[in-house]
Amino acid sequence: MNPILRTFGLAALGALVFIAIGLVVPAWFLFTMTKAVGFGLVALGLVGLLRGGLLSFGQGLYYCGGAYVSGLMANWAGVTDMIVLLSVGCIAGGLIAALVSPLVARYRGIFFAMLTMALSMVAYGVLTKIAAIGGSDGFNVPKPTLLGYHLAETGFGLYAIAVVIAALAAAVCRVHFDSGLGLIASAARENELRIEYLGASVFSVSTRSFILAGGLAGLGGTLNGVALGHVDPFFSYWTTSGEMVFIAILGGYASVTAVFGTALVTELVRSFSGQYFPESWQMLLGIFLLLVIVFLPRGVGSMWAKPAKNHAIRSIKEPAT
Amino acid sequence: MDLIFTILLDGLIYASWLFIVALGLTLVFGVLKILNFAHGGLYALGAYGAAIAVPFFAGLGMPEWFSLLAMFIAAAAVAILIAPLIERGLLRYFYGRDEVLILLITYAVFLILEDVTKMIFGVNPYYVFEPRNLLGNVEMGSLFYVGYDLALIGLAIVCGLGVWFGLNRTRIGKITLAVIKEPEVSQAMGVNIARIYLLAFGVGVFLAALGGAFTSPLISVQPGNSVSVIVVSFAVVIIGGLGSIPGAAIGALIVGIARAFAVYELPEAEIFIIYLVMVAVLIFRPEGLFTPIKARKI
């Protein structure tokens, strides 16, 4: 059987199973799962970047961009159809990423991480100052529709849309990761110079991964903006991006479905910790992150499971003052 | 003319604390090859430490000038308590691993520090005014400046020269430079690398805490300002080139003056002018102003 067909078939099957599960779970859990899909989509984009050895600490920017553009469209143009909103959010996230990519795609490692983070903090700062779109309060997003029908108050309709989007995104990413381009990204993580000598452009591969991640983040932002009924500049704040990184690291980059599971677990732990240990959510994140890195390096991904490099060789790169 | 002078002086004052914090960041990167995300959290701890230490020593009946010393003591206490815990307890297990992995680890430390700080000190703001009133006002042209702010410039110069002198003119500093160049060879020659790493990390933490302590009289000490510190000082450090002390000084000056210019002439841009400068520098000098071009390794 054609592997691409098989991947999409599995995705369709998974979507059906999860929609069926949605029929029996309580409404609060539907909402949590919908939000988890939103975060999982952003984390999926991060996984694509991580496969190429890039870690972005600023995915909040594209997440926020998708949420704002689709939310403003719903408010100003009165469009509430989910298919239109999701497409617009996805394109907005991808476009912002495409605008930013010439600047950041040249960088690797900590430079890439900190530059993307700086950009998302700029967006946060700018959005809090623009009074026309709510400043730091943000604005409300109207109730969504699908092909003219209003979605049920229980949130099942939105959940079903989220599941379909998640399955589609996971399948597309699986196919992309296993395609020639996706494999070049993985190879670039190991050794960029060799890839260049072999005739492929690391820059263009990184750019593609970055735009894909931006589009997925825009999709996730739109979904969560609609699910929450509200968007604000906090979508672009560094803690939001940090949580996405957390979810992606927890999921590891070998799988395209793991991120949705870890997003759900993260969301559940967040709601419970908010109830029982307020003010210690970040500490929990930090401790879990350390535990995963120290005790589950395979779960984190083989990028970091390779043996420690020689410190002496590395140090030649960074001359003293 | 007055305006230019004001912008320059304000920029210089802002650049001073930036430099103190960024110096710690660049020193730790230079020696340990770690971009310490937790630097901002340590800065906040220094600010809280000063907010506790200044009233404490005043309560002991110490003279007023002692509050300045109290801020040093607070910063040193943070360095002595926290640096060994983080470096010996955690970071040393990851030396030589992927730099992004270490960034994630310091990010986790930062998250933990944030909440621990909140747990210890609560979420209500602290205020320390005494040190800032101590040095009086200085008249410059038609303007009055708070003496304390001008003294910050002196402190930054002392810190910069101190680190430079420590690295280039003392035995332990020369050993540190050797470790930066060739950790393995230094170790083979009998250098205790672990001690050098701990020392460098300790000095880095001390500088972060010192920056925090000496800023505490200018701000209300409360949760939430530590992340902007790490992002801004990172911007400063990469403008100058990671691991370079003169680079950090120039970076701090550029950022400080750009920000002061924005405050007076272009208030809307105040929040992002720092990043604009950073982006502009990186477009022309991707490795920063003071880093020599390096060969890519295969």
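These residue numbers are counts, starting from 1, taken along the chain as shown.
Cβ atoms are placed via backbone N, Cα and C, with glycine included.
Listed in TrEMBL for this protein:
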TRANSMEM  B:12-35  transmembrane segment
TRANSMEM  B:42-62  transmembrane segment
TRANSMEM  B:68-88  transmembrane segment
TRANSMEM  B:100-123  transmembrane segment
TRANSMEM  B:143-167  transmembrane segment
TRANSMEM  B:196-215  transmembrane segment
TRANSMEM  B:227-257  transmembrane segment
TRANSMEM  B:269-286  transmembrane segment
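Recorded stretches compared: B:12-35, B:68-88, B:100-123, B:196-215, B:269-286; the one with the most Cβ pairs under 8 Å to the transmembrane segment (B:227-257) is B:12-35.
A contact between the transmembrane segment (B:42-62) and the transmembrane segment (B:143-167) is absent, since fewer than 3 of their C-beta pairs, 6 or more residues apart, lie under 8 Å. The recorded stretches the transmembrane segment (B:196-215) and the transmembrane segment (B:100-123) do not share 3+ CB pairs below 8 A when only pairs 6 or more apart in sequence are counted, and are therefore not in contact. By the count of Cβ pairs under 8 Å, the stretch nearest in packing to the transmembrane segment (B:12-35) among B:100-123, B:143-167, B:269-286 is B:143-167. Away from its own ends, the transmembrane segment (B:143-167) comes close to residues 2, 6, 9, 12-13, 15-17, 19-20, 23, 27, 131-137, 173-174, 176-177, 203, 207, 210, 214, 217-218, 245, 249, 252 of its chain (Cβ-Cβ under 8 Å, at least six residues beyond either end).
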